[in-house]
Amino acid sequence: MGNRSLTEADHALLSKPLVPTSAEHTQTQEYPRPFVDGSNSQSGSELQASPQGQFGEKALTSTNRFIPLANDDPGMQHEMGLDPSMRRRREEWAERGAAKIVKDVVDPATGELTKHVVKMGIKDFKFGEQLGDGSYSSVVLATARDSGKKYAVKVLSKEYLIRQKKVKYVTVEKLALQKLNGTKGIFKLFFTFQDEASLYFLLEYAPHGDFLGLIKKYGSLNETCARYYASQIIDAVDSLHNIGIIHRDIKPENILLDKNMKVKLTDFGTAKILPEEPSNTADGKPYFDLYAKSKSFVGTAEYVSPELLNDNYTDSRCDIWAFGCILYQMLAGKPPFKAANEYLTFQKVMKIQYAFTAGFPQIVKDLVKKLLVRDPNDRLTIKQIKAHLFFHEVNFEDGSVWDDNPPEIQPYKINAEAMKPLQKVSESDTTVKMANLQLAGNGHADTPLQAPAATSQEHSVISMTAATAAFNKDYTSQPKLGSKSSTSVRSASNNTDREVIQKKVSKNRASVSSPSISTTSRGKDNRSRSSDAFWSRYLQNMDERVLLMKEVALSTRNLEDSPVGLENVALDYKNPLDIEPPTDSAGKFYKKMFLITNLGRALVFVKRRSLSMWEEQEFELQFELELNDVEKIRFISDQVLEIDGSRTIFIGCKERAVLMKLWKLIHNGMTAKPKVVSPKSDHKMFDKFILQKRQNTKKKNQAPPVPQSNRLINGLPDRCILKTPEEGALHTKRPTSLQTRSSSNYSKLLARSTQMRKNMTRTDEK
């Protein structure tokens, strides 16, 4: 154990026994249970280390030394080879550190169950593979020698705990597991034991790993899986808070999956155990102040709450924030706040800077927005979360959350049902009434809201997948010609107050008409599908409709600003029947149309007819335009598309080079004037792009050349060497990957490769 030995105070702190309830003595349990004996039971305590990316210092030594010696036959031979005094010392510690448990034994004579007190320690288990490790603990698989049951044993070094002053974390986790023993959704602690050097926690074994591995395996989870696991997580968190424990480090790595694919919360080393307050109720139930502030800086960067970073305090509502982050990650496949390092991640958390991925379900988006709020007073309570429309089919009262079988794990795919706006639910059901209160954005029942909440009907309008919320409101009424209006919209993407001023100047054109968009169910939609007949080949399915259309000017001479702006695009929305067919002649370029559909897709169509070698041939370029500059543009509603960075154009192909060329083409043609204004500049760019695209396609269809040999010439592969037949000399072609390197670095690389070639030549001669 090193130069320092454990004192009596250290042993007293690390060796508090687990005290079972009176009900545990009368129950029949096939697993061993703790025994009430404080005099001789030396119970260890667990330490959950900080995984990668978590706050706190890393281990100074390797955690492999925490793993106990596998006590199989080779291990026994190793024990036999020890010095007799050392072997006797180990046996004494195995006897002293063993846990006294009550075990049900069947009397062979009478056939009755009798309770026997037995000792179980390190010699009663066979240790196997390592399941995981942390900064000062390791988790190994252990098998009971008598029953063959598998357990997860957490091993902690006593010396390291005392030297790094981590004993308090072990004590906290031990007390938390004591209070939570038998709670659904919480890892079960059976008993603890120790030897001279280590503490051991005998825990429930989770064969399916952690929740993060499940998300990484499938990339994301569909709505059914997300609802199933989210309901279990929030119910387990509710049980924690009812017992007076705040986890403070909920994340996918600390959520494990048992043999039945049910969630189990673990890692209570940083938990906060609240003191019990005097009860003011008639039933005498314990009361805990869940809003008591704590200044301990604990948690994980991607899931830490903003009040801990901004105000240096946290309470039980940090668990609700972490739940919102996990719910987002289930559907998106990544945390909402993720950056290159922890500092940048903290900056995103403090600014509530996150964006929803394309096609994110509307109902889940509504819930996440009300959880990831800067002010904890504005976040939903657990009761309001359970009453949300997303959990409308989940019954948290009858325990079916834990009894239902898990669904088939499938990744999330964008579908029309998920993109539908939230419907106003019936007022008759009590549970649905709670959902309406939650949908209206009410905060905690105990704390007043700082801003008025929108009604359910207004929320339904805001959720429409059209250009903006203000634009949706104007869809329901015809605009007056010659009038000017300004509409203010409050953004719901985070808790900061953003106002987007949308100015619409109507033109005196008879063809300008507002399509009638109904905010009710699709069955009451009065629109005729014939209006989408022309664009039917571009729509994904029967549920997709064209909501907005704009004819974009083609000549950069006529563009003062980007046509993506509100003033230029959102102005002239048209009915598809009012648009002349894009195939009508309009010069070399036919037309460029900008569309928005109810599934949140923004499409740009370019039609032209080449007059050269591909005469009478029509080229169609289809882009999916995702506009994210929420602070300035907000053209696409926050219910549709939000992506970090500047405007990005996606094409329906897998060629990255084509994508970049298209971006340059559209960006230069729409947002800036060319240095030399020429009506042919756009045409030349387009012709050059089409020509290069056809050439790239031909090259792609050709079979790649087979290299003559695997030898390196000048340290470079054969494909980098060109041989001129006339000269018969070898010319080194500089690889494309080295184009960005400086000439000095390339010279050094070439010199080194030349030396390698000489060495290879000498080897061949020998």
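Every residue, even glycine, has its Cβ placed from backbone N, Cα and C.
Over in Swiss-Prot, the protein carries these features:
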- Asp249: active site, proton acceptor (ACT_SITE)
- Ser135, Tyr136, Ser137, Lys154, Glu204, Tyr205, Ala206, Asp210, Glu253, Asp267: ATP binding site (BINDING)
- 38-52: compositional bias 'Polar residues' (COMPBIAS)
- 476-495: compositional bias 'Polar residues' (COMPBIAS)
- 511-521: compositional bias 'Low complexity' (COMPBIAS)
- 735-745: compositional bias 'Polar residues' (COMPBIAS)
- 125-391: domain 'Protein kinase' (DOMAIN)
- Ser294: phosphoserine (MOD_RES)
- Ser296: phosphoserine (MOD_RES)
- 1-52: region 'Disordered' (REGION)
- 156-201: region 'PIF-pocket' (REGION)
- 476-529: region 'Disordered' (REGION)
- 725-745: region 'Disordered' (REGION)
Rounded distance in angstrom between the Cα atoms of Ser296 (phosphoserine) and Glu253 (ATP binding site): 21
Spatial neighbour of Ser294 (phosphoserine) that is closest, considering only the recorded positions Ser137, Glu204, Ala206, Asp249, Glu253 and their CA atoms: Asp249
Recorded positions (Ser137, Ser294, Ser296), the one with most neighbouring Cβ atoms at 10 Å: Ser137
Proximal but sequence-remote residues of the same chain as Glu204 (ATP binding site) (Cβ under 8 Å, at least 6 apart): Tyr151, Ala152, Phe187, Lys188, Leu189, Phe190, Asp258, Lys264
Helix-strand-coil residue split for the region 'PIF-pocket' (156-201), DSSP-based: 20 helix, 13 strand, 13 coil
Alpha-carbon spacing, Asp249 (active site, proton acceptor) to Ala206 (ATP binding site), which is rounded to whole Å: 19
Local backbone state of Ser137 (ATP binding site), from DSSP in three classes: strand
Glu253 (ATP binding site): secondary structure state under DSSP, collapsed to three categories: helix
Protein Cβ atoms within 10 Å of Glu253 (ATP binding site), excluding its own: 21
Model confidence over the domain 'Protein kinase' (125-391), averaged pLDDT: 89
Spatial neighbours, same chain, of Ala206 (ATP binding site) - Cβ under 8 Å, 6+ residues apart: Ala152, Phe187, Leu256, Leu257, Asp258, Lys259, Lys264
